[in-house]
Amino acid sequence: MRAHEAGALHGELGNRGPAWLRTPDDVNALVPQLWPRGVVRDSDGVLTVSGLNVKDLRAEFGTPAYVLDEDDLRARARAFQAAFQGHDVYYAGKAFLCRAVVRAIDEEGLFLDVCSGGELATALSAGMSPERIGFHGNNKSVRELERAVDAGVGRIIVDSFDEIDRLAAIARERGKRQPVLVRVTVGVEAHTHEFIATAHEDQKFGFSVGGGAAFKAVCKILDDDVLDLRGLHSHIGSQIFDASGFEVAARRVLALQAQIRDARGVELPEIDLGGGFGIAYTTQDDPAAPADLAERMLKIVDDECEARGLAVPKLSVEPGRAIVGPAVFTLYEVGTVKDVDGLRTYVSVDGGMSDNIRTALYDASYSATVAGRASTADPILARVVGKHCESGDIVVKDEFLPADVQPGDLLAVPGTGAYCRSMASNYNHVPRPPVVAVRGGEARVIVRRETEDDLLALDVG
Ligand code: LLP
C-alpha cells in the first residue's frame, strides 16, 4: 500500500477506526515517547533493551513476556521525585507491584500506595517501611485494617462512615492513634473512560464535598481523637492529560479545608491530589512532563491557599501508570496471520486478553512493531489479536505492520507496564507471563511464568 492510500484508509476508518496510526512508511521506526528509554533497534534491525536483543530474551525466557527496562522505571520515579521535591510521591502499586518494584521505588525515595491486604503484604515482604505506605480502598476488611494498624502503616485513606467506626474501634483496642486522610469526591468530570473516572458524584469512592458528607466525615474523625486526621485526599481518575481537572479538584478540596478551619479551628497539614497522570499509548497521546504537572499543581495550591489565608499544606501525589506504564513492553510470538479479504489482516499472538485486558475493557489503543527484524515489505493494516476463545480478544486494534509479517515473528507492544500484569487473568487456563527486568545489560526474572502446575495446584476437587 502506498502512503497516500494508507492515509485515505485512515480517513475512511473515521470514528470507528484507530485513534491514531503510524504512517505506513515507518513500520520499523520506534516513536521514542512510546518506548522505554533503553530500547533501540540494533544494526540488524532487532529490538534491543539495555543492549539485550529480544531474540536472546525469547530464547532465555520464552514468550509472551513482559519486559521491564528497570532504568527507565527508576528514571520516571526520579523525575516525579524531583518535580515534587519537598512533597511526597506515592507510587500507586495497583499499576504493577512485585517485590523488585517495591525495592526500586523505595530506593528511589518514593512512598507507596497499596489498596489491598495482598499489596500490603507484598510491600512489607520487600522490606518497605510501613510508615512510608498509604492504604486505600472503599471496602477494606476488618482483617486488612487490623493488619495495617498493627504494621504501623503511615496513613489509611478512609472512604466511608462504616470504615471510620471500624478503624476507630481497632485503633482504640490497640491504644494506637492512627493517621488518616479522608477521601473526598469533588464532582470533577475527568475526561477519560467512564470506568476509570473517579471524582464525579455518582460512584462508589469517597465522601461527597458538594453533598456535605465529606465535612461530616471530617467532623466525626476530629471528634474522636483515636484517629489522627492528617488531611484530605482526592483522586479524579486515570489517564488524564489535562491538568485543569486537578486544578478544579485542588480548589474544591482547599475550599473544604477552609470550611474546616472556620468551623473547627483546625488547619489540616496535608493534601493529596491522587494519581491519574496520562501516558502515551499512541503517537496521538501527548502527556505532560512531571515537572510541568508539578509546577501547575503546586501553583494552584499556593494561590488558592493565599486567597483563603490558609497555610500551604504538604502535597502528595500518587502516580502509578506514569511511572511503570512506559517502562514495559510485552514480547509476543506471532502464531498465525490471516487476511480477511478486503478488511484487514489478523495477526494472532501467543497471549491476548489474559495478559492485557485493557483493549477489551476500556477500548484502549496500543501500538505494535515486529521486533525480531526490520522489514522492507509494504505496510498492511493489521489487527493484533490473542489466542483466547473470544472475538473481543484484541491486543492492538489497528496498526501498520509489514506485509511479510509471519508465524514465528516476534511482536512487541509498548506501554504495557501498568494494569496489564496486575489485571492479568487465567482465562482459558492460559498461564500468566513472567516479568523480566533488564538492567545494565543483564536480564532477570522478577515474576516467574505461571505454569500449568500452578493452575492445577489450586484445583483441589
Ligand atoms: N491513587 C488512587 C486513589 C487510585 O485509585 C489510583 C488508580 C491511582 C492513585 C493511580 O492512578 P494512575 O496514576 O495509575 O492512573 N485499571 C485502569 C486504571 C484504574 C485505576 C484505579 N486507580 C486502567 O487500566 O486504566
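Glycine too: its Cβ is placed from the backbone N, Cα and C atoms.
For the recorded site, CYS389 (active site, proton donor), the DSSP three-state label reads coil. As annotated by TrEMBL, active site, proton donor applies to CYS389.
Taken from TrEMBL, the feature pyridoxal 5'-phosphate binding site covers GLY276, GLU318, PRO319, GLY320, ARG321, TYR419. The DSSP secondary structure for GLY276 (pyridoxal 5'-phosphate binding site) is coil.
Residues or ranges marked as substrate binding site by TrEMBL: ARG321, ARG358, TYR362, GLU390, TYR419. The Cβ of ARG321 (pyridoxal 5'-phosphate binding site) has ALA92, ALA95, SER238, GLN239, GLY275, GLY276, PHE277, GLY278, ILE279, GLY417, ALA418, TYR419 as same-chain neighbours under 8 Å, each 6 or more residues away in sequence.
Marked as domain 'Orn/DAP/Arg decarboxylase 2 N-terminal' by TrEMBL: 71-325. For the domain 'Orn/DAP/Arg decarboxylase 2 N-terminal' (71-325), the model's pLDDT averages out at 94.
DSSP gives LYS94 (N6-(pyridoxal phosphate)lysine) a coil state; it is part of no helix or strand. Sequence-distant neighbours of LYS94 (N6-(pyridoxal phosphate)lysine) (same chain, 6+ apart, CB under 8 A from its CB) are ASP113, VAL114, CYS115, GLU119, GLY320, TYR419, SER422. TrEMBL lists LYS94 with the feature N6-(pyridoxal phosphate)lysine.
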Per-residue Cβ crowding (10 Å cut-off), top of binding-site residues TYR362, TYR419: TYR419
Recorded positions whose CB lies under 6 angstroms from ligand 1, from ARG358, CYS389, GLU390: ARG358
Assigned conformation of ARG321 (pyridoxal 5'-phosphate binding site) - DSSP reduced to three states: helix
For substrate, whose listed binding residues are ARG321, ARG358, TYR362, GLU390, TYR419, the greatest C-alpha pairwise distance in Å: 27
Neighbour-count leader, CB within 10 A, binding-site residues: GLU318, GLU390: GLU318
Pyridoxal 5'-phosphate site shell beyond GLY276, GLU318, PRO319, GLY320, ARG321, TYR419, criterion: Cβ within 8 Å of Cβ centroid: ALA92, LYS94, ALA95, SER238, GLY275, PHE277, ALA322, ILE323, GLY325, ALA418
Distance from GLU390 (substrate binding site) back to GLU318 (pyridoxal 5'-phosphate binding site), taken between C-alpha atoms, in Å: 35
Nonlocal neighbours by CB distance (under 8 Å) for CYS389 (active site, proton donor), same chain, sequence gap 6 or more: ASN428
